[in-house]
């Protein structure tokens, strides 16, 4: 029997990975499992396959809770030698780092790709020093936020409220015709419970509490753009990173970046819907420990659903993507192109994550292609199937809502560098 040990990430449950061969006969596996039962060791994963080189043997791959040098584990390994062959204790699988507890998301706040106060030269507020100072102050609130704190409240000024109101009135006039039924059911609840309205910008804390009571989702302030990996990872914990600053008042119907209007009008409402919440969390769970290439594919699928997704309703297409629900022009173009001034209508494809993952998209113009799901549940079911079949990882994960932690079924070593 060969044993190879290596360090594990601090704070993670210790698991041991083991593989061995047993005779291909009735009761062989039962004899093995009885040894683990006798020593009170909990199995977290078990796989089997015929031996490649000996048809009279089966190979088993097992992960269980315990350190290889624990006395009970040593006894198990000794007992297994009587019934098994070629016993090996394997090193943990190296995977890209991912959060295991919701508190780990605190580290993401210091890893934004750009700070919210930094503006490009073509931004409407680039030359407005008052606006830039205002954004800097709002961003500071987000940068100091930690898990468990109340989200800092923003005292929005008159210009900001007028900007919100102009967009709110314009969008609300289109929702009945173009937004999905689930969105139209939730918006009145947000108006009643969270202060949504044309004369008031809701506070993230109030919206977050409402979402938690509906689906367990919560909002968390962020100071700028996160990497695709970090943003998706957070969704595994039913946590959505949201900005609090608002677009420049000179162009209320335009923004070159996500702002509080996009977050609260586009994203937040449907996070109160169970099917949409499940779809969002599926993206997060699939991203944990995934390769850079798979993160790119998941982010592309996210774009075509959570940002620009459509679904069928009574022979029509309705918007459920936040990029559509927060943009009156593209919402109309996507759902009823004949009413739009655009010369070329979009292409509609049935929602297929495998196709969407390889589809290019623009970020500064209306989308030329939209994917249409049968329903929000259909969108989630197909994404889950895609993740299980196409996102290759040496382990499986699940979310434990009571402890807000990620359960991993085998021994892994989280690295801070890309894994080949």
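The backbone N, Cα and C atoms fix where each Cβ goes, glycine too.
Nobody curates TrEMBL annotations by hand; they come from automatic prediction.
The annotation domain 'ACT' is assigned in TrEMBL to 17-97.
Per TrEMBL, the feature domain 'Biopterin-dependent aromatic amino acid hydroxylase family profile' maps to 83-420.
In the three-state DSSP classification, residue 267 (Fe cation binding site) falls within a helix. Positions annotated as Fe cation binding site by TrEMBL: 262, 267, 307.
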Additional residues around Fe cation, ordered along the sequence, whose Cβ is within 8 Å of the centroid of 262, 267, 307: 258, 263, 266, 306, 321, 322, 323, 325, 326
Spatial neighbours, same chain, of residue 307 (Fe cation binding site) - Cβ under 8 Å, 6+ residues apart: 321, 322, 323
The domain 'ACT' (17-97): DSSP-derived helix, strand, coil residue counts: 21 helix, 34 strand, 26 coil
For residue 262 (Fe cation binding site): DSSP state (helix, strand, coil): helix
